[in-house]
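This is the structure, below, for whatever I ask next.
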Amino acid sequence: MPEEEYYGKNGEPRKYDPTFKGPIHNRGCTDIICCILFILALLGYFAVGILAWSQGDPRKVIYPTDSRGQFCGQAGTPLENKPNLFYFNIMKCASPLVLLEFQCPTPQICVEKCPDRFLTLLNAFKTADLKYYKSYCKEGVDLSTLSAPEVLKTGLCPAMILPSKPLSRRCFPAFSKKNGVLVVGNQTTFDDGQGKIRNAKDLLEGAGNATIVREARQLAMKIFEDYTHSWYWILIGLVIAMVISLIFIILLRFLAGIMVWVMIILVILVIGYGIFHCYMEYASLKGTPGANVTLQELGLQADFSVYLQIQQTWLAFMIILCIVEVIIILLLIFLRKRILIAIALIKEASRAIGYVMSSLFYPLLTFILLALVIAYWAVTAIFLSTSNEPVYKVFNDTACEYSRNTCKPETFNTSAAKLACPDAKCLFAFYGGESPYHKYLIAFQFYNVFLFFWCANFVTALGQVTLAGAFASYYWASKKPDDMPAFPIFSSLGRALRYHTGSMAFGSLILAIVQVIRVLLEYVDYKLKGAQNRFAKFLLCCLKCCFWCLEKFIKFLNRNAYIMIAIYGKNFCTSARDAFFLLMRNIIRVAVLDKVTDFLLFLGKLLIVAAVGILSFFFFSGKMKGIESTTPALNYYWVPIVTVIIGSYLIAHGFFSVYAMCVDTLFLCFLEDLERNDGSAERPYMMPENLLKVLEKKNAKTAE
């Protein structure tokens, strides 16, 4: 279709300019106001960080806190050897969330060990267990001078203790099942120390879901244990993924056409082998007792290897792989002509990377900068969330007008609340505060999240502008590499930081606003999960979908705008408009050619991940003959496999992201070339011969 049909309302095509030789060197600063705003925002971000670090205390996250606001197990304190938190009456706690948020209305003390037996205070006075029982009383209690009723009345000791186990450094009842009946310490009933016989089920109201939390913690500990046993093998797997990715990129440099077709064939074969393996596993389980259980009947299991013992799992894997295989084959059949152009573009990208080899190492700089942004955000968030002051409230067993009012432990015994309610106690409730700093704490957290998105997007934008400038200098160079800068990456990075910090901040700001709105929508969705309003849920779902699409569109537009900024040095809005109109004038080429290239590069990443994933599966599952003895003993062999697969994808994505940026830059330059030039002796095309042949175009020199 002629290019003229794309013109009109989508802007005028580029005019021939004999002085244009690639990225313009004589350029000025763009979007200065946004640059100043970004610098001020960063200064404010540092101020928030300093304020949070001066007010915050991460020990509140690490250590549990007793009723006096002291940290259990903190080194260098009298409670150093008492790491666990003990609750006097856990049945007063409504749920485990109350325990984890330090808001249980019962005295809490730090203890060396959780109780391992049933014992009431009355029985302790009658037996020789008084010394043992004293370790679960408040500090400084002398039981030899007090009677049991006096101790209970003053709340110096719990009425009873029961077998418990530490969970997140808090003493939970040691639940278990005996012949299908819930027991605590092998007993179904116990004396609560106040003359009542209670059932073990009564503890569930106070420590409900504790067993689920405990199982989750046990799962986490087993996963951590697997990492300690297999971390070096995981590193070896990631190194293998890096080596394969590097070899793949080097081979693309010299054998791009052959490698693309080999890659396509190998992807089809690897997925085909996956289908065959799933079928063999499915067939081998036929007739095995319990293998015909459905996934719905099995439910959620902590041990994921259980799922591999039923037929339906392998059948699901096989169906998914078959669908993927069919989709890939159909795409290859219908896009076979466009694949030839895409291969020519990849060949040219390979040559460009060959001239700018330092571009392969640029993702390391992006990774380091992103790691710093993430680390600063995480540390600031932790310090902000722990910068509250301890808040004490009045807790009582009988009706009291001062119930749940704030109080001060130092003066509580002489306060009006104690006089009006003799049985009331002033206990640590949670962390909060009434100062102006604490009132704006939520705003600081929001600012921290917003600046995190803004800075992370800015780092990504910096990488895109830098790579685009380097690859554009390659495309428009008449004589390669003579007409290229000596250090293309450093030259482009310098131009980006010196002239276009404001433009990159502008594009990053727009994207950050959309991302923060998406986070807020997810938060609202979380809050409305228990709501029954279907219209609200439908509206929220529509909003989430719309903003997801908007984020994808802005990322696409920003990426192309950054390429135009790197080439022409104009501001963000002008560059975004020029890029958008250029793409709209060539919408068919964009929809087909550019996406086909992305698809081929995705197949390359898929091939590397699949190869490393299959290798790690056979190794960690002990199915690799000859080296079974070197396989580490693991609780869940899927833990290192999943880690290696995710790590391999990130590594492959890091290498191929350079290729993707190179292809996108060359593609825009290619579209500009078609508009600027016509192949005549005065206006020859700048594209290489292989692209000219595929497009059935030629320069006047080659026509002669």
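Positions of Cβ are set from backbone N, Cα and C atoms, glycine also.
Please treat TrEMBL annotations as automatic predictions, because they have not gone through curation.
Pulled these from TrEMBL:
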TRANSMEM  32-53  transmembrane segment
TRANSMEM  231-251  transmembrane segment
TRANSMEM  258-276  transmembrane segment
TRANSMEM  314-335  transmembrane segment
TRANSMEM  355-379  transmembrane segment
TRANSMEM  451-476  transmembrane segment
TRANSMEM  497-521  transmembrane segment
TRANSMEM  599-622  transmembrane segment
TRANSMEM  634-656  transmembrane segment
Please figure out which one of 32-53, 314-335, 355-379, 599-622 racks up the most CB pairs under 8 Å against the transmembrane segment (231-251).
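Between the candidates 32-53, 314-335, 355-379, 599-622, the best contact partner of the transmembrane segment (231-251) is 599-622.
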Take the transmembrane segment (355-379) and find every residue of the same chain, 6 or more past its ends, with a Cβ under 8 Å from one of its Cβ atoms.
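The answer is 49, 53, 246, 249, 448-449, 451-452, 455-456, 459-460, 462-463, 466-467, 470-471, 474, 480-481, 484, 487-489, 654-655, 657-658, 662.
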Same-chain Cβ contacts of the transmembrane segment (451-476) under 8 Å, 6 or more residues past its ends?
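Residues 20-23, 38, 41-42, 44-45, 349, 351-352, 355-356, 359, 362-363, 365-366, 369-370, 373-374, 377, 484-485, 488-489, 491-493, 495-497, 500, 504-505, 507-509, 511-512, 515-516, 558-559, 562-563, 565-567, 658, 661-662, 664-666, 669-670, 673, 686-687.
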Which stretch, 32-53, 599-622, 634-656, tops the Cβ pairs under 8 Å count with the transmembrane segment (497-521)?
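The stretch with the most contacts is 32-53.
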